C-alpha cells in the first residue's frame, strides 16, 4: 500500500508538471509569433529590387521552413518531458525494487533497456522531422526547375505514346487507345490533324526524320505510314502555372478529376482516314514501330514475339526477327546507325545489327527480373532499359555482361526517353510519377504533381524535344492527356 500511494503521488506530480509545461509552451509560441511577426511586416514593407512574385515566394518558403523547425522544436520538448517522466518512473521503480531486495544488476538491465528504447525513439523522430524539411526543399527545387506549360486534352481514352516531329513544322503527336492519333500545336495546345485509319488501339507514333510522314502501330495487327499537312496557328502568351502549385505534390486524385474528353479537339480539325502504306505481316498486336536512320526502312514489334523490318517504298518484308520467348513490348532505332533494340516480356532485350547488308547479328541483354518495358539508345555506345521490376539499367554495348549503372525505384517503369544532348533520363511510372535521373543513376528531380496539375493516372511514356523554346519534355498517360513541361536543364544540372 505505501508503494502504491507513492506511485500515485508521483503520477499526479508528473501530470501537473506536464500541464504547466504545456501552458508555458503555448505562451512561448505565442510570444515568439509576436516577435517574428514584426520583422516580417517590416520586411514586407521595405523597398526591394526583387519582383513582388519572387518576394512573396521567398516569404512563403521561409514561412514553411519556420513551421518545420517549430514542429521539430515542439517534438523535442515533448520528448524531453517523456525523459523526465521516465526518470521519475525509474526512480520510483528503483525504490520498489530495493524493497523487494532485487539485485542492482536487474535494475541496471531494465534501465538500460528503457534508455535504449528512448534513444531509438529520439533517432526516429529526428530522422522523420529532418526528412520533412529535406522533402520540402526537394519539392521547392522541382517546382523551380520543372514547370508545367501546356496540357493537350482531346483523346477519349488513354494515351499510350507521345512523340515530337524532328523537322519543321515541329508538332506533337499522340497515340491513343481510342483508335486515333492526334497532331497538336505545341504552343497553343490545339489539335491540328486527326488520323482515323486504324480499327484498333493506336499504340505508338513516330515521325519521319526529314519528311511530313507519321508511322503508327496498332492493335489491329498493322502499322500505317501516313502523310500530314499542318499550318501552325499563332501562338498565344503562355500563362505562368508555377504559382498555382499547391504546397503538397502527393495529393491523391480520383478518376472523376480526369479532363474533359472534348478538350481542344476542334470540330474543323482535318482528318486523315487512309494511309499511304499499310504494313501487315504480323499475327498479333503491333505494339511499337520506328524509323531506321534515313527513313527508308521501318521496324515493328508485335505480341506475336517477332519484330519485322520493312522497306518503306515497296512495303515488302525484309527481315523477320525471331528469338524472343514472349511478347515484345517496344522497339527503338539508333539515331545515326543501322541498329535496332527490341524489348520483351521474357525479361530480356536484344540488339540487332544491320550495318552489314549481308548479315545481321543479334546480342541478348539479360539483367532484369521482370518485363522489359522499353530500351532506348543514347549517345555513344550506351543503351538504357526500363522494366516492371522497378529498375532502370544503363548498358555499354561493348560489355553486355553487367550494367554500368542501376537505378532502383518504387514503381514499375514504362516507356523511358533520354535527352541525348544532356544525358538525362525521364522515367514515367505506374504510380503517376515522372522522375529525372542522369546516366550515372543520380536523381535530379521529380515533375510536380498535385490535385490540379500533373497526371492523375498511370504515366505511359515520355519524350524529349531538346531544342524547343517552350516545352522540352512531354509526357502522356492513361488519364487521356499529354502534358508539355519546361525543364530548366542548366539549373537542374547545377543543383546536381
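Cβ coordinates come from backbone N, Cα and C, glycine included.
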So which range, 147-176, 177-206, 207-236, 237-266, gets flagged region 'Disordered' in TrEMBL?
-> 237-266
Look up coiled coil in TrEMBL and report which of 69-96, 97-124 it refers to.
-> 69-96
Candidate ranges 1-50, 301-350 [criterion: TrEMBL lists as region 'Disordered'] | 1-50
The repeat 'WD' (321-362) - residue tally per DSSP class, helix then strand then coil | 0 helix, 21 strand, 21 coil
